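Report on the following structure.
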Amino acid sequence: MNLQELLAKVPLLLSYPTIILSSNLIVPSHNDLISRAASTSAAEYADEKLIFFSTDHAIRLIFLPTFVASSFNLFAHYFNFINYSSRRKYYVLFTAIYFLSILTAIFHPIQSTCITLLIIKLLTTADESSPKIALNFKTILKTFVPFITLTLVILRWDPSFDASSGDVNKISTSLAAYALLILTLRYASPLILSTLSSSIGVVSKDTSVAQHSISRNKRFPLILVLPIFSFVLLYLMTIVNKTYNIQLLMVFVFFGCLSIFFLSLKDLFTEDGNQKKGGQEDEYCRMFDIKYMISYLWLTRFTILLTGIMAIVVHFLSFNEITSSIKTDLLSLLFVVVAEYVSSFSNKQPDSHSHNHAHHHSHLTDSLPLENESMFKQMALNKDTRSIFSFLLLNTAFMFVQLLYSFRSKSLGLLSDSLHMALDCTSLLLGLIAGVLTKKPASDKFPFGLNYLGTLAGFTNGVLLLGIVCGIFVEAIERIFNPIHLHATNELLVVATLGLLVNLVGLFAFDHGAHDHGGTDNENMKGIFLHILADTLGSVGVVISTLLIKLTHWPIFDPIASLLIGSLILLSALPLLKSTSANILLRLDDKKHNLVKSALNQISTTPGITGYTTPRFWPTESGSSGHSHAHTHSHAENHSHEHHHDQKNGSQEHPSLVGYIHVQYVDGENSTIIKKRVEKIFENVSIKAWVQVEPQNSTCWCRATSMNTISANPNSLPLQPIAN
């Protein structure tokens, strides 16, 4: 696995267990509901007990799984990950996700994460030609007996387990769920495998884009209506039974993590498909096998282990505990390790695959025709933005993990930090979009290209950093005078440490993916880098201040660390703001200013030239002025000059300045020769100029009195006509 594949897979490790947990928390947990019902009087509880449990089962076994499964299919369709070419495919996948959602409601979230991943691994590595042999009873039992044993031991060793109070039903429910799972894998696997063998929803070049769009629009109402309808039913159930309430914030986290999950998968698969283009036919490379992509790209070695560990961390952050005791905590960790060990036996990597999937590892180059691709593919495949795009997905996934913890813990500080991360993700996205757009060629609508978007993005990031610093200073000063004692320092330390690791990955990704191209692109990358650096410094400050507070119990360390971090960010952001604002205002530095003055002095001393007007020059980037430009100007003498700048020498391919100038010549001189002399002067100093030559007594707009008296400062550019 190369570095880029690792960066693309990390968001999957975070988003998948968060999807499992947040889907279970859309409605209050079963234990919370029992405690609420038990808090009422004994008579009321006895009367409502039957209604309560029947409603609870209806929500957890019907309405909530329907909402989760339909939402999953909706996002898969929206991100063009699965092409629902038939309703049968939609119904099969909906039923599979529905069943997995029921399992997540029965088992512990950590167990659900490992079991569902193992099921997906079994299905994607099974032989489609003989699924009954690949998934026979012996194989399935051999796979799930260790998990059945561990689940029963965890339930029995739970300190809250009480056989007399009906906790035995938990054991019977778990056994029934495993039995149903084994039977489903045994008898429904052929249908599921035939569905998984279908291609992903990426249209080949031979397929009509119009027909594909029409077919998507015809099926989209069916896919969209079911999530809305199931959510409305869930909401109506909360109205009927006041014990329930829908956690809208958890719905937001669930949808956000689904988006990150599919974007990360698409990112991972897009790179693999791009690598194959060099060695195989393009038509084949546009069609991917879902089974291959999942088993060979996503669920590779140690993926289940790492995802299970992430599930443990996410559960700890949400509930401040893994399970109810140390023994069951260790058993849960053993459950994750066993899941990885069992999955290694199903990870059969045959030498001869039915589709001959050759995995080519090659570096992405700029030679790929990305101009006509979607914005997503351009960010995902461009070598300068790919690593940063993968970090953006990782940062967004961690933001949703923080949001989940802040909702559960009611922590306003962590919620504020999550919103800060959302602002950072927005800044990263703006910077990446600007980096892609600046590489677009010039056009009739944008004759100078979009290169200055990089400068604008850098300036925007600088302003956002300035706002963040102001917010940090205000909050820190307030906490100096009104100290806030931190209590949940352990959880805060875990979150800050994870945030530090994520940001260190971001710095590493930036160093790996971004290169110094100079100019506006460099300013854009500098703005992105400063945002990542600001987050890293913030995480370092939180870790250090939290450790000092734990040791000394002095809350003053928190605002002091914030002031130091804010000062460092400010010192880094001010130079970025200064340079980008100067470029936006088209300001010339001293070196370029002297370059223009030297060229103008040469023009003023050229024989046959009486003067010049309106010299306008500004910094530019390579490729920004390659568009053919026609400058037509009519005078009383009816002179018309067209000039196309397609010079091939090195000085004009990468000019440092671009602009235009009007030059007046002596009557009787050849205008073509005069223009070529002026062009040669500018070419020698790497300035790309549009030159308009005109007779000395012409009535051009540039000869107006106001233009002739622009400046009388001898240190400024000589704007007035030069007299003979």
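Positions of Cβ are set from backbone N, Cα and C atoms, glycine also.
Keep in mind it's a predicted model, so treat the numbers as computed, not measured.
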Swiss-Prot: matching membrane side for Ser160 and Phe557: no
Recorded stretch that, among 299-319, 387-407, 492-512, has the most CB pairs under 8 Å to the transmembrane segment (529-549): 492-512
The topological domain 'Cytoplasmic' (241-244) [mean pLDDT, rounded to integer]: 70
Residue numbers, six or more beyond the limits of the transmembrane segment (387-407), whose CB comes under 8 Å of its CB atoms: 3-4, 7-8, 10-11, 14-15, 18, 21-22, 25, 247, 249-250, 252-253, 256-257, 260, 263-264, 267, 314, 317-318, 379-380, 414-415, 417-418, 421-422, 424-425, 428-429, 431-432, 491, 495, 498-499, 502, 505-506, 509-510, 512-514, 528, 532, 535
Selection from 59-79, 91-111, 175-195, 245-265, 492-512, the stretch that has most Cβ pairs under 8 A to the transmembrane segment (135-155): 175-195
Recorded stretch, among 91-111, 175-195, 245-265, 492-512, maximising Cβ pairs under 8 Å relative to the transmembrane segment (59-79): 91-111
Long-range environment of the topological domain 'Lumenal' (550-563) - Cβ separation under 8 angstroms, sequence gap at least 6: 472-473, 475-477, 479-480, 483-486, 489, 493, 541-542, 544
